[in-house]
């Protein structure tokens, strides 16, 4: 019997190895002319594409991506949500797991996808490069397996982004120079395009072709820099089936809410058979619950358009993406990085069965634009519409009124100090471009003769009830085996703060202050001479201290309205918290109202965690523990800590390395809203971090 079991196990491992692929890619980080909002600017991209290439793989595959930095900035790449088991050197955050890739240098990221399926993404993790350096990372089930829900006929990546008329690096540098919060963006985007409500944009609005009667899966990614976003689709029902590359209990909802860094897979279907030529808006705008804080109040749109049925690929998606299409989200091509030296001479390096190619086709015609945008507290599920929808309210959900907000006037014109080459007028409307703007939009007709798309209602900008409703709907598909017993109980405050301005200097924060952020009153400072992982691995002294406080140094009314000014200024330091391998860690993440009670999407590198509960106010174990979901809590890598509220997460520290935990709002990360864990090696090779690669960048 033992021999039989050993044989079966060996055959299983052999089958897995035979069907796993190794994918080779070259990512060239470079400045590229990109036209948005009527002007062409030089922006940093990967392989000349914005958004960047879509990576596609299967559970169990290995990725080898050579990053070549031809930009004028230091750069790193992060594979958001990938566990990086024993491969922390490939995780990517600058000065945490590696020194940056200097201009003219390269670094090869190597990692294996283990036990993960769904939608993740990759992005730059240096400065504000991720504003334009990002793309989808799609992980399909292993061969011979499928989704735990009916397979959709079509799969479409939907990347939500954020666009500044000014160079994002100059926006960041101005904030660093003055101490003020960064200027807000000028537009949100869907697959790189702002949509029909912006000047010089309607001809390139992203169009997703679908066929009558089919179910499509939208793989939605919030790649925006500083904003949580509501999203809805007119005329369709939406059923959430996965979040952060973890399957969920199917959850029907009229809208989605995603914090920066989060992903959601949603099935959309029409309640009736729409005729060919029917068009519906996908619309998204900000969720901002902090009163008095400026935010981008614009709405981005894309279009779902019903076209003739197309032949299905092995996974139900249709035609391949034309890499030269305006705004297309194109799949990356496997290349042999040993033999290839440029991104444009890609050659196939693997020969196993093909992965479905995700499509997003772009229309190039003018639109008729509805005159108003409807917002509502929580919309009823979409129904077939004949005109632009009006606001409806679900009485079971609390309602609130959207605050008045307008984009910064400074962002309505270009920075005079920007490189003159970035303001070149051009007829090219996107990158990459081969000069041919005749894109296949999938319907074979002229969009000018079609009626305007129908617009969905969206929750109000500050609708905390809608946010709580959506978050409560995300659960694991069934009962889970929670890790336990808990061996490390931690309590982290997360929030904003202020430093007093030095004498005789004028600062840009409120009342002549400097914008700050912290966790447990420690404002995180990155080292500059070695990465934290190098310092830990090689036992280099003086780079960090391992004394991050497990509890707030001072307890106070965290969400109160009159917090003492003595608590406003955090301590700047590089403090880490050490964990033994195998520790079961439970963390209360407590939002504060020291400066403003904003929601903070907290991301943990190298791990996934169960979200046991979220709630308003100050966490109190006397009654809040009873609210824990210990049956089917969702598995996430990024969780929104509610404004003036709390969240509780639990995970196992079973991945050796140094792992960043931070707010994924880059305006907050840049001023210190982060910390890092050291997870010690366990016993044996499989519980020990791999040696550093030979080409690891030096500081």
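From the backbone N, Cα and C atoms, a Cβ is placed for every residue, glycine too.
Annotated domain 'Plastocyanin-like' per TrEMBL: 30-142, 156-308, 547-681, in sequence order. The region 'Disordered' annotation in TrEMBL covers 344-363, 372-457. Sequence annotations record features per position, and here TrEMBL assigns compositional bias 'Low complexity' to 385-409, 434-449. The compositional bias 'Polar residues' annotation in TrEMBL covers 419-428.
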On the 0 to 100 pLDDT scale, where does the domain 'Plastocyanin-like' (156-308) sit on average?
95
What are the helix, strand and coil residue counts for the domain 'Plastocyanin-like' (30-142) according to DSSP?
6 helix, 58 strand, 49 coil
Within the domain 'Plastocyanin-like' (547-681), count helix residues (DSSP H, G, I), strand residues (E, B) and coil residues, in that order.
14 helix, 58 strand, 63 coil
